[in-house]
C-alpha cells in the first residue's frame, strides 16, 4: 500500500492526515491554534505557533498510523487562504504576527483604491473585488507600519508568503520560497490570466517584487522536507488553498461542477474551465487548483453565517444545549410554520453584498415554537446557499455554459440530513455527500499523489470518488420557486429604512 500525508493548516487548528492510495483515512492528528485579537477588527496568529503545531501533528499522525516518513510517497499542503506572513530570509524568523484573513485593519487602504477608481483594473487582472480580506493590502500595512520593514524589504532581506509558503520555507530549511496558483490568486497581486505576479499591482500598493514567492502549479515537485524533521525526507508534491483543495478533493475537475462547504460560513466554488469569466452577480473569479502550467478557473461565493446560526441558537437563544440537538428539534415540526430567518448578523455576503443588513425573524404567530425557529435557522443555510448557486448558474449560462447538474457537499453541517434534503429541494438537483468528507485534506493528498506518480490522471481520481448518500429533490419546481420568492422578500426586509 502507498501512503500520502496531508498537512491541513486551518484558522482554528493545525491538522495532519495520512491517507492510503485509495483515499481512505489511516490516521489523523489535530492541535488547536490560539487566536490573537490586538484590537477590535484585528485578528492575528503567531507564525511560529503555526509551524510548531503543524510539525507536531505530522509527527503524531505518522505515529498513530504506525508508519515512518520513508513510507510516505509524498506530502501535500492545504491552508487557510489570504493570511499573510513576512519573515527574515537569513533567520526564518517572522517580523510580526501573521495577519489573518478575517482581519479588517486594511480597510482604509481599500477605500483609497476605490476612490482612485481601481476596481475594474483589479477585477480584470485578479478576478477579485477590492477588500481587506485579501493579502495585498495586509502586506502593505506591514510594510508601512512595522518599523524598518520597508527598508529591509527593499534591500531584499525579507520574504512574503501565505501560510503554504511559510510552511514550505520551514519544512525545507529555507531552501524553498514558493506558493501555488490557488494561493497566489487570493493576494490581489497575482494576474490570474498570465499566472504571474502583476508588476502594475505591485507598484500600485508599493510592494517590492523581491518579497514575492515563486508560483508553481498546485501539483508539482516543490522540493523535499529536511530529513531531521520527520526522520526521512518527504517530497512536497501538492499545494492548494483550502477551498480550491476541497474542490479538487470532491473531484470537481470539469467546468460546471461545484461543491459547497458547510462550515461556520459556507464556501461555494464552481469550476469554470480554462476561460476567465467575470461575474455579473457579485461573485469572485479565482484560480482553481492546477495540475499543469495552463490556467484553470473557478467562480467563488461565500455565505458569512452558515453553521454559525446553530451556534447562535445554542449560545444566544439557549434554544439547545449542544449543536447536535438541532436536527431533532427542527424535525419535531413538519415545517417552519411560516417562520423565515435571515441570519444577517454581520451583513449579507454574495450575491447580495449588503454590509448594513441585520438579522430578521419574520412570520411569527402565537403558534410559533422554538422548534419552528430552529427549523427556520437550519433552512436559512440552504436558502443562502441556493441564492448563491443560482447566481453562479446565471453567470455560467450567460457565458454559454450549462447550468449546474448536481452539488457535492462537505463540511461539518453536511452531516445534517434535514439540511441536505432541503438544499436538494430548493435547488431541484441532486445533492451528493461523499464517503470521505475530509475533502480539503484529500485534495492536497490527491495533488501530491498526481505529481509523485501514485495516480495517473484526474480521470482516475474521478473514478475513485464515491457518494455516501444522494439527496434527490422532492419538491416541484413551482413550489421551490415560491419558497425562494419568500426568502428574497425576507432579505429585502433586512435593511432598515
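Just so it is clear, glycine is given a Cβ too, placed from its N, Cα and C backbone atoms.
The candidate list 264, 346, 458 contains one residue that Swiss-Prot assigns to the ADP site with 11, 15, 307, 412, 416, namely 264. Of the listed candidates (37, 133, 222), Swiss-Prot assigns 133 to the same glycerol site as 81, 82, 242, 243. Compared over the binding-site residues 15, 81, the count of CB atoms lying within 10 A of a residue's CB peaks at 81.
Sorted by the number of other CB atoms within 10 A, the binding-site residues 11, 264, 311 start with 311, the lowest. Proximity to residue 81 (sn-glycerol 3-phosphate binding site), judged by a C-alpha distance within 10 Å, picks out 11, 243 from the binding-site residues 11, 12, 243, 264, 307, 412. In three-state terms derived from DSSP, residue 13 (ATP binding site) belongs to an extended strand segment.
For residue 82 (sn-glycerol 3-phosphate binding site), the nearest neighbour among the listed binding-site residues (11, 12, 15, 311, 416), judged by C-alpha distance, is 11.
For the recorded site, residue 82 (sn-glycerol 3-phosphate binding site), the DSSP three-state label reads coil.
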